[in-house]
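Have a look at the structure below before the remarks.
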Amino acid sequence: MNRLLLVATAATAVVALTAIGLLMTGGLRAPQVVDISTSAPVRSTGVPNIGGPFELVNQAGEPVTDADFAGKKTLIYFGFTYCPDVCPTALQVMSVALEELGDDADAFTPIFVTVDPERDDPETMAAYVEHFGDNFIGLTGTPEQIEAAAKAYKVYYRKVEDASSSAGYTMDHSSVVYLMSEDNTFLANFTHETRPDRMAARLRRYL
């Protein structure tokens, strides 16, 4: 329970500043944030070739596929629950942006996909995503399923040694929120520097 409370508060500015302080003193290792904006293959239409079929498990332990989200716009972010600052900040930005949309937020389904299935089982995902909103969906799966989903969305991630972690490792990963259409076609992306108000303003264009 203590870890969940820390996760919830990590999304606030106070904890973000604390994390920065720890990084400066060497007490915390932040996952590497990778810019992939120029690396995604492009279709002849000029639309980035991002997105595709996946088979994962939601926070209730139920199998889901991309077909379960057909007819809905989705906001998809890949990260992991033990992420000290980047992931909770990105999810909090999504949460606040959707709050700013009011009733229009129902047009978007926020999805968090783990890149650390070894630690992020359905129960862990359920406890984590509930801090960001009742409508958030957490997805996990086997390492092979996660790899396939990450490949479809052009997400970079890798396990790296971390002596400060009780598990002995952390995860480096790209940090991008993808906005996908009702037929799972790429519409837009938001970097880790996007503010909630700017995300909300851009989402309104797709209502």
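Every residue, even glycine, has its Cβ placed from backbone N, Cα and C.
What TrEMBL lists as Cu cation binding site is C83, C87, H173. DSSP assigns C83 (Cu cation binding site) to coil, not to a helix or a strand.
Here TrEMBL flags C83-C87 as disulfide bond. Other C-beta atoms found within 10 angstroms of the C-beta of C83 (Cu cation binding site) number 24, with every protein chain shown included.
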All-chain count of other Cβ atoms within 10 Å of C87 (Cu cation binding site): 27
Number of other Cβ atoms within 10 Å of the Cβ of H173 (Cu cation binding site) across all protein chains: 25
